[in-house]
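Chemist: Shown below is the structure under consideration.
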Amino acid sequence: MAIVKCKPTSPGRRHVVKVVNSDLHKGKPYAPLLEKKSKSGGRNNNGRITVRHIGGGNKQHYRLIDFKRTKDGIPAKVERLEYDPNRSANIALVLYADGERRYIIAPKGVSAGDMIQSGEDAAIKVGNTLPMRNIPVGSTVHCVELKPGKGAQLARSAGAYAQIIARTGTYVTLRLRSGEMRKVLSECRATLGEVGNSEHMLRELGKAGASRWRGIRPTVRGVVMNPVDHPHGGGEGRTSGGRHPVSPWGVPTKGYKTRSNKRTDKYIVRSRNKK
């Protein structure tokens, strides 16, 4: 995998930094694992914008990813690595010994031809999926379940991982990239290793059009809007907004706590905001 900085042959190329991976499949994706992906333009069933900054972009198919890894005891061969427009991580097409193919999140260090497996008795090896009670303390994992059998929810994006730092009774304690330490049932599954494509964070789109290809519309500052559109809007000439920064709906936007899920607070051993 290489980082390529484009030559300034035009204003649109001047700032482009690409992540080039020669190991990715050049052809079409595996059709039986594709689904239609409709665009909403950020609008709801009334036609009103409910999510800003969404619209346009290239057509995409959704790739059906196996986040549960429930084919226990059946070895699988990694056929190829592929680009997935729906996520920052790359994906791997794996062929199981019984003939079934599935997509999984591609772990770092896994390449075409490697063998992987899932289940209680799977080896402690990058790409294998096991219940966390069978994974040694200190191991790095990704694609972590929060509820047994629900499928992976934590550490799924490019370069992400969690570390198992303790095992107490029916729970393991994970340290996440954010600094949060969290208890998760030891019956939950996780995949060994970390997610690949960690260079994703180094890319530079280089021009506005590259964001538009991805379906991302411009973000306009509140201070340049009218009072009807934003709490910071209006005023004669250029203003500073006249109040502490808030969202378009008046919610403080710098350092204001918005977490309201008290039900799961008991599982958080250490907050990501604690220094």
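Keep in mind that glycine also has a Cβ here, set from the backbone N, Cα and C atoms.
This is the feature table in Swiss-Prot:
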{"type": "REGION", "residues": "28-48", "note": "region 'Disordered'"}
{"type": "REGION", "residues": "223-275", "note": "region 'Disordered'"}
Chemist: With Cβ-Cβ distances below 8 Å as the criterion, list the same-chain residues six or more beyond the ends of the region 'Disordered' (28-48) that contact it, or say none.
Modeler: 54-57, 60-64, 82, 86, 93, 101-103, 215
Chemist: Tally the residues of the region 'Disordered' (223-275) by DSSP class, grouping H, G and I as helix, E and B as strand, and everything else as coil.
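Modeler: Counts, helix then strand then coil: 8 helix, 5 strand, 40 coil.
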Chemist: When the region 'Disordered' (28-48) is classified with DSSP, how many of its residues are helical, how many are strand and how many are coil?
Modeler: 3 helix, 4 strand, 14 coil
